[in-house]
Amino acid sequence: GLWCYEILFKGEQHVFASLPQMERGVAKVIGGDPKGNNFLYTNGKCVIIRNIDNPAIADIYTEHAHPVTVAKYAPSGFYIASGDASGKIRIWDTTQKEHLLKYEYTPISGKVNDIAWTEDSKRIAVVGDGREKFGSVFLWDSGSSVGEVSGHSKLINSVDIRQKRPYRLVTGSDDTCASFFEGPPFKFKFTLRDHSQFVNSVRFSPDGNRFATAGADGQIVIYDGTKGELISPLGGEKAHSGGIYAICWSPDSTQLISASGDKTVKLWDVGAGTAVTTFKMGNEVMDQQLGCLWQKDHLLSISLSGYINYLDKNNPDRPIRTIKGHTKSIQCLTVHKSEGRAYIYSGSHDGHINILSPPFLSLTFVSHYWDAETGKNDCFKGKGHSNQVSKMAFNEANELVTCSMDDTLRYTSISKKEYSASDVVKMDFQPKSVSAGPGGLSLAVCIGQLVLLKDKKKIFTLDNLGYEAEVGVIHPGGATAAVGGTDGKVHLYSIQGNTLKDEGQTLEAKGSITDMAYSNDGAYLAVIDDKKVATTYTVADGYSVKNEFYGHHAKPVTLAWSPDNEHFATGGMDMMVYIWTVGDADQRVKLPDTHRLHHVSGLAWIDEHTLVTASHDASVKQWTITY
């Protein structure tokens, strides 16, 4: 049969997960693992599970239909409850790779802000926004109510349940109050009015003896865990000079950490009521601290930038490590080899470029790079693109050439890993695509215009094309440029000296062209189109059609050649990646569901058997391919 060669592929190697999605002035709840191994956060419609000792190890849950706001482990460690912007709660298995859904409820009609479980993993409290009520507490396996979360006039930001009997429940709200409940069934007992602004976080100590409330007024107040009586505020009148977004107790219940908009995290001795350590996280707005977690010996905080900071008690001015990466969807991807190591460069929706060094982990409109062996990643220093990075390529001078919706091309030296103002070329029109060729050449396809550049300077522009150009590539030999259009044709130009000359030769594709690339040896041109077809042309034979490839169920948008020049990968809107064999259209490797529920936006090869994929879920994954 036709599909007898299709190889279904299972071996995902690495996930380079996205960072938490952050919003100014909005607390970020980080979920801890009762077994101490992992931590949880959300980005878009994804819940990201990361190993706390080695954050390069990550897993992503993508089954929510709406943006997910919070996820919390059950105390048993076997299930996670995650809540989204529509008020839906999904309870799913943590022990299996498939994360099977156990139960699903819609306890409130608006955004879920926080979730708390009872210590027996049988009851769940959910709070947030809603039309009828701001909270609900119910049995995990039936959804039946076990009390009423009442007593607030505005949305509830935070909830916690005492992890010992007798159970107590506390909530904190935008109405500046906290409320104290006894149960089950949980009944409202009284209001705590010790804050003057929003109450952002409420947390019981692990031993149940105390609970703390923290607010936008910069105060932290400690109460008795059983009776709800006021004990004392921490740090006198104010604990922080800015609003406090999150608090977390130490495992032994003697200390807690607080994360604040004043760009610090403080470590408190609760008995003495004083700050033992102040961690200064920077001076920029992006250094505001919006979330924290104390798990085993790890103290984590989350910056507004999305960066995850591992705090060092012995050196408060410098985190032990900072996890960087993308917080916004990734638009493009490329790989560069340096001194025998592969580095993955990814560009995002917000202009940020990330650099991953293998094994990969890890945008401001930054570029990021990732080290493919360790998963360590970083981003370029300085001011970069201010809008979506649409395309990136490497030139012979070891520069990353990027084009962005900010109407610029940038040439960034990899050795310096720093943006420089002198390496920006302003375009007359918005560039959609950029390609690098030999001899310092690059080709930018802009809206209504082709621009040929040499050594970072414009040398030739071509207007009035008579078609809408989408993507352009320079042949590795440097004498030809191919430009694909929405007219379903590839237009060939010869590069003569400093000009582009239309040779009048066009190649027919099946539909509007979405991406194209020459094989590294220049033997073939591969083209994908919105009619879901990939076509290869033999360059030396006057660009005769070599093969057509069918399989995608929706528009493919990205294409990359393997270094072996015999295979190329395509990915797109159907969330599938196919690896095609140039000489045999029936032989293909299929990677289904590479980024579940998110289409594939970027592809690049590290070597003949290692493919990297990126997606609008802001994650990067590395796959081992065997033929």
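Positions of Cβ are set from backbone N, Cα and C atoms, glycine also.
All annotation found in TrEMBL is predicted automatically rather than curated by experts.
Given the structure is predicted, the values throughout are model-derived calculations rather than measurements.
Residues annotated as repeat 'WD' in TrEMBL: 61-102 (among others). Cβ atoms under 8 Å from those of the repeat 'WD' (61-102) belong to residues 21, 29, 31-35, 40-42, 44-49, 108-121, 124, 126, 128, 130, 140, 163, 595-598, 617 of the same chain, restricted to positions at least 6 beyond its ends.
With a cut-off of 8 Å between Cβ atoms, the residues of this chain six or more beyond the repeat 'WD' (192-233) that come close are 27, 157-164, 166, 168, 170-174, 176-180, 239-249, 251-253, 256, 258, 260, 262, 268, 270, 273. Per TrEMBL, the feature repeat 'WD' maps to 192-233 (among others).
Residues annotated as repeat 'WD' in TrEMBL: 237-278 (among others). The list of residues near the repeat 'WD' (237-278) in space but at least 6 beyond its ends in sequence, with Cβ under 8 angstroms from a Cβ of it, reads 25-30, 32, 197-198, 200-201, 203-207, 209-210, 212, 214-220, 222, 284, 287-296, 299, 301-302, 309, 311, 313, 316.
Residue counts for the repeat 'WD' (549-590) under DSSP, helix first, then strand, then coil, are 0 helix, 26 strand, 16 coil. If you look up TrEMBL, you'll see 549-590 (among others) marked as repeat 'WD'.
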Number of helical, extended and coil residues in the repeat 'WD' (192-233), per DSSP: 0 helix, 22 strand, 20 coil
